[in-house]
Amino acid sequence: MNGSPTPKRYSSKSSRLYDDYYNIPYQYSNPTPMNRDYNDVGSRINADKLVPEEYKRNTEFINKAVQQNKELNFKLREKQNEIFELKKIAETLRSKLEKYVDITKKLENQNLNLQIKISDLEKKLSDANSTFKEMRFPKVKDPMVDDDPVSENYDQINVPKHRAPDATGNPRTTNKVSNTSDQDSRLKAIERTLSVLTNYVMRSEDGNNDRMSPLPSPLNTISPINNRLNFQEPKRYNPTVKVNPSDDDIMMYESAELKRVEEEIEELKRKILVRKKHDLRKLSLNNQLQELQSMMDGDDNIKLDNVSKHNHATHRHSSQSSRDYSPSSDACLECSNDLYEKNRVKPENNMSETFATPTPNNR
């Protein structure tokens, strides 16, 4: 230890390079080392020579095994995560598959029911057609053969009695008339049932075709404005005809209908505005025409009054001056001509008089 009170004052800057010399342990002593791996100076002795090679191999093998174990654990975690994700996907797919299986079963049942109904309706239709043909074209009976049983006694002849004209007709003819009326009523009833059945079959076939066909877009369901002028509108898609329409179909159909109605309203508004403009224009033109007609009628009346009341002898216009040679617009044609003839020839002025300087009166 330096005993100087100010050791740095007398030390140079270059001495700082050797300050570490005083920090060397055991500089002034030589203690016995506590560990065999270190020498007297304190440096580590090469201990690899002392460790046998078997221990070295064992440590290397253990280190490799630990590293492999870590890598395998990492791969195992990744595989477990993948398996978890695949299980989730499999559950969702299973639920969707069950849903679609239920839907297909329902559709198959509906199809079977519809086929059964169609077969029953076809049977009824065929039966109705056969009965209709039988009623319309009955079997023609032999007119010579009588319905009543012929009596075996040929000697007896049934002679009709003479009846009064007021008596009732032949009951056989009345029965025939009643039978024909009954047949006509039955034929009408059968025709009604046939029409109902055919309409029902056609509707069911249209429903099946709509179910098999893809859903049209709402833009295709909207008829353009130019086509609406035609009286025969095209057949629009109506999902309500279906047996079980979905909510999306109904919403699409309603939105398309709303859009079509809005377009029709806008078209009607435009037509109404154009009609109002035409009406206003017509009123204004009629008013102008009436005003012009009234003005023309008033001018004609004024001219007639002036012609009837005009006196050429006593007439004098404001335009009858010495400087006005043109006929006045207010004067009549004769007066204006007379005025022009009077003022046409003027006396010539003397040049000396024109260029002479005027003399004042009070000179």
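Every residue, even glycine, has its Cβ placed from backbone N, Cα and C.
Taken from Swiss-Prot, the feature coiled coil covers 62-136 (among others).
As annotated by Swiss-Prot, coiled coil applies to 248-297 (among others), with the evidence given as sequence analysis.
Sequence annotations record features per position, and here Swiss-Prot assigns compositional bias 'Polar residues' to 170-182 (among others).
Per Swiss-Prot, the feature compositional bias 'Low complexity' maps to 319-329.
Residues or ranges marked as compositional bias 'Polar residues' by Swiss-Prot: 349-363 (among others).
Annotated phosphoserine per Swiss-Prot: Ser213 (among others), in sequence order, evidence recorded as similarity to another entry.
Residues annotated as phosphoserine in Swiss-Prot: Ser217 (among others).
When secondary structure is read from DSSP and collapsed to three states, Ser284 (phosphoserine) falls in the helix class. Take the CB of Ser284 (phosphoserine) and look out to 10 A: across all protein chains shown you find 10 other CB atoms. Residues or ranges marked as phosphoserine by Swiss-Prot: Ser284 (among others).
Feature annotation from Swiss-Prot assigns phosphoserine to Ser329 (among others).
As annotated by Swiss-Prot, region 'Disordered' applies to 160-184 (among others).
Look at Swiss-Prot and you will find 310-363 (among others) tagged as region 'Disordered'.
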